[in-house]
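Below is one structure, written out as structure tokens, with a few remarks after it.
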Amino acid sequence: MVGMMRKTKILVTLGPSLENKLDKAINLIDGVRFNMSHATTDYCEKFLNILEKNNIAKVMDLKGIKIRIKEVKLKNKILKMGEKVVIGEDIKLNYNIDTIEEGHFILINDGKIKLRVVEKTDKIIAVVEVGGEIKEGMGVNLPDTRIELPIIDETDLKNIKFAVEKDFEYIALSFVRNKEDVKELKDIISEYKGDCEVISKIETKEGLKNIKEIARESDGVMVARGDLGVEVPIENIPIEQKNILRIANRYGILSITATQILDSMINNPFPTRAEVTDIANAIYDGTDCLMLSNETTIGKYPIEAIKVLNKVAKVADEHYEEFGDRVCLEVESIDEGLVYAVYELYKKLNTKLVITPTYSGRTAKLISKLRINSKIIAPTPNIRTLKRLRLVWGVESCLMEEFDDMEKIINTCREMAKKEIGKGIYLITLGHPIGQKKTNTIKVESI
């Protein structure tokens, strides 16, 4: 059984800082992310054995569509406030600029440099509102502009094929604009005969606008606060985070909060008070999982950052019932309705444990969304489901080889209950008869 004391899960990004210390981190984490903006498939390959051996969830994060400065033709590459530049001449992008209109903002280097288009005739002229040094290769955000680029390119296709072949549990899609983007990735995964689940990264204005349709089509969403904080006013980030997480939980899908979780620990062995508070608030907003990025790729203290996240998450989890957001699931099926019955029984009977045998993991995810204080154990015959559930709040997944006989399943659950709680009331959820794809039964038992 996958042992854990905290309920909020931890996903780390693998990079130079952590790669030689992964063995020290392996018992502190639930998933590993490969950022394909920097990593290669050869790099991923080196770590697959240790991840498989420890049943760690693998997430491939596709590089996605990213606009960059292609060429700077200015003599002075330090832009000054009030200066005017011609986009496409003074500053060339790797993007067709025809869709940029007067009044649109052009944000460079994570929003540190800000231009506003003041004229569009045969040329696009922008005035510098916030200056700074610009270089070729810097990232560019166009928050007001509809980006007409394919969501997946040739490099992404090769990486998706690799992820399918190597049984990655999740593929994360960057800069998701609408449900069609999600469907495109799902179709490609199907063409490669894979079953990787799709995490949609919400990091653009268009993604925010279409968050409900994106969430319905996705297996999970990520609050990607880096680019999102460039695309929308930074003061709106807490509200957008709460909204994204609430919608994800309403639809019963995985939710991940990312970017600058412990940013100060890139260079310091201790977090700031604000970071600790941010972690707890993300948990109380309803996130399943917290993700470290630069902290574990280029940071000086990757293990320390992981340990801090563990400690803070554990304490926040203990107080979820006092301060956490109460999830309201969309009830559109029998199994969605059934989990509310689980919640009522939990409240009335003070149940200590819920055991939810599952093939796909869906019922375990739904029960997780209710944020009950009972332990949730999800036995499964499917190793992929076991690893996917590593990222789901409060769920402890384990293998159950005997999954074709109802009586054997129930007896195994009873043995688990004796081991886990010794005494007390517990629940078992089941799909009856065997092979039923929907959970439709709750057994209430006591020891």
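The backbone N, Cα and C atoms fix where each Cβ goes, glycine too.
Substrate is bound by ARG33, GLY226, ASP227 in Swiss-Prot, and the record lists one more residue there from THR259, THR272, THR277, THR287, which is THR259. Listed in sequence order, the binding-site residues near GLU203 (Mg(2+) binding site) (C-alpha within 10 Å of its C-alpha) are GLY226, ASP227, out of ARG68, GLY226, ASP227. A Cβ within 8 Å of the Cβ centre of ASN35, SER37, ASP61, the residues given for K(+), is found for these other residues of the same chain: THR13, ARG33, PHE34, MET36, HIS38, ALA39, LEU62, LYS63, ALA172, SER174. It is SER37, among the binding-site residues ASN35, SER37, THR259, whose Cβ has the fewest other Cβ atoms within 10 Å in the structure shown. Within 8 Å of the Cβ centroid of the substrate site, not counting the listed residues ARG33, GLY226, ASP227, THR259, the chain contributes LYS201, GLU203, MET222, ALA224, ARG225, ALA258, MET291, SER293. Straight-line distance linking the Cα atoms of ASP227 (substrate binding site) and ASN35 (K(+) binding site), rounded to a whole number, equals 15 Å. Here the Cβ of GLY226 (substrate binding site) has 17 other Cβ atoms within 10 Å, regardless of which shown protein chain they belong to. Here the C-alpha separation of LYS201 (site 'Transition state stabilizer') and ASP61 (K(+) binding site) works out to 9 Å.
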